[in-house]
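Asks: Starting off with a structure, shown below.
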Amino acid sequence: MILTVWQLDVTFASGTLAGVTDGMPLIAKVATSVSKTAAALSRAAGRGDGSVIGGWIGLKIDPDLLAHLASGRAVALVSGTNGKTTTTRLTAAAVGVLGRVATNSFGANMPTGHTSALAKEGHTPFAVLEVDEHYLPQVIDQTRPKVVALLNLSRDQLDRAKEVAMMAQLWKTTLAGHPDIRVVANADDPMVVWAASSSPQTTWFSAGQRWHDDSFVCPESGHPIERSGGDWWCTGCPLRRPRPQWVVEDEGVIDPRGDWHLVKLQLPGRVNIGNAATALAVAGEFGVRPIEALPRLSRVASIAGRYAQVDRDGRNIRLLLAKNPASWLEAFDMADQAPTLLSINARDPDGLDTSWLYDVDFSPLRDRPVLITGDRAFDLAVRLQVNHVPFRHVNSFDEALRSVPPGRLEVIANYTAFQDIRAELDRVN
Amino acid sequence: MSTESLRIVWIYPDLLSTYGDRGNLLILARRAADRGIPVETYEVRSDQRMPNSADIYLIGGGEDGPQALAAQRLLADGGLHQAVNQGAAILSICAGYQLLGHSFYAKGAKCAGLGLLDITSDRGETRAVGELRGDIDPRLGLPPLTGFENHGGRTHLGAHAAPLARVTGGIGNDGQTEGAWAGKILGTYSHGPALARNPAIADLLLRWSTGADRLTPLDDTWSERLRNERLAAASPAV
């Protein structure tokens, strides 16, 4: 199979790569071209969107391929537990004011995905990359970014992910070794503020934070963290909320000069105004002004199926992805008071453990008809009973569709459950 | 009961609440309320005094640092020891289970535990992650245990503690036994909301605390479906 890929590639490579690989070592040129070909093959074969396989093969041939591809571009990295994919998409749109941007907008957020994204886009002056929290140190080393955005840190798949405090420590150590990087960080998350405190140049944003359960205890001193209104401070050491330069207020954002800008988005919920504020702050580090970027942000309608709306059989289906307790709370905030389908799996990408269901308060759903499905629907059923939320179990997405009257159906699902439903809807983007 | 209401304390949710531990408080309260038993619940943070007069205490899982801190504070406070002497019941999970013993390891150092259970814990060579299943001590008269475990500890029982269960899937204490119990104190590596899959353990705690021989049965259709699914998932491959 690999041989076939190589043979195809030789005939395919020469014309398409001018500009991307100029000045690269030969091995990197070969790796780039194979990577692009494999991605195209994967898409053509209907086996995937090509966002991982190409990078995987390219990196096998040239382990430094990501560094070679990133060289010469102004790079921004976006990392955190929640909002990475949406913020990356919005940031790429905002930086696009200045010129072409390469980005991994399908959420393939490990080095294979970054490599594929850069190889596919060809030479661009800018790159905005979503980065899995665990891979941030490695991707910083390889892409030498101008800006790193740190969104938030909360519990997420603890059966395999690093615990929250360990992740914050990893970031802190990494940033201490890269004082030249401009950090754009969330002032409302004590874990993020502590992680970013090792960087000499930080721009702070405030987008509000609904989830506080992972930052009761100061990561520096171990003392309790007190909160009042939007403010927070450690009771045992100097760590406290820094004054943010970018602030979400009402339906808009205040910039560092103190000007308020209305943020009109197609994406629902206050959390996305926060994501837009973060995108504006990152783009601001590249010299983009909010007034230039905002029209571009308003054109983003959905991201790899998230927030997508599909009409079928008289039902208007809207897809909301919720991967962990913090993002479930945000999804309830975004969803209309309409029939709601919840779908839960616990496959490898989701984490095998469903305990987090008890970290989510489902009571906001008591005022609407609730349907449940997915591999782990029984876990959800027990949780909803304890929470006094009436529900009905359905065995398939089609059954759910037939069970609700014409009109809006909100679908809230965790990662693989979301992908299953997206597949039912012809992989809607 | 020490007062008219059943009083349930969740110990240090600011330190020990790694994953869904709140579930045990919610489930106990719900199962009591459904039987018409009045309930008061208290979440006691680590900067507050530990009351000594509640009926049931819950202590959950956590990272190494908070686990060591919780043990220090509970030792210094003394309220939990007084409560046990007055006949209170405890459900302890994972890190909370370890710290009830004589000693445990956190961040590579041996730490003094509360000595309320005759157990000691150290580190295993591998992390135990996955479905856990066991046959519960027949003296407790409960159906099989099902849970999800995620811990690096191994626990050794002394003469004054009995295994909560014999392992039939997963690791538990050491691959043979899982959890421990003595008097009205229960400990398990079945992490997070262990009672969601084991409502019979919730009812055992309620019976101990109310003195009732039996409780009104509840409709546990969904719990039973969940239990059957998870017990099957933990079966060794045939």
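Here the Cβ of each residue, glycine as well, is placed from N, Cα and C on the backbone.
As annotated in TrEMBL:
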| type | residues | note |
| --- | --- | --- |
| DOMAIN | B:7-198 | domain 'CobB/CobQ-like glutamine amidotransferase' |
| ACT_SITE | B:C94 | active site, nucleophile |
| BINDING | B:R127 | substrate binding site |
| ACT_SITE | B:H191 | active site |
Asks: Over the domain 'CobB/CobQ-like glutamine amidotransferase' (B:7-198), what does the predicted model average in pLDDT?
Replies: 96
Asks: Quick check for the class: what is the C-alpha distance, in angstrom and rounded, between the residue listed as 'active site, nucleophile' and B:H191 (active site)?
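Replies: The residue listed as 'active site, nucleophile' and B:H191 (active site) have their Cα atoms 6 Å apart.
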Asks: So what sits near B:R127 (substrate binding site) in its own chain, CB-to-CB under 8 Å and at least six residues off in sequence?
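Replies: Once residues fewer than 6 apart are set aside, B:R127 (substrate binding site) is near B:N150, B:H151, B:G152.
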Asks: I'd like the Cβ neighbour count for B:H191 (active site), meaning other Cβ atoms within 10 Å of its Cβ, all protein chains included.
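Replies: The answer is 28.
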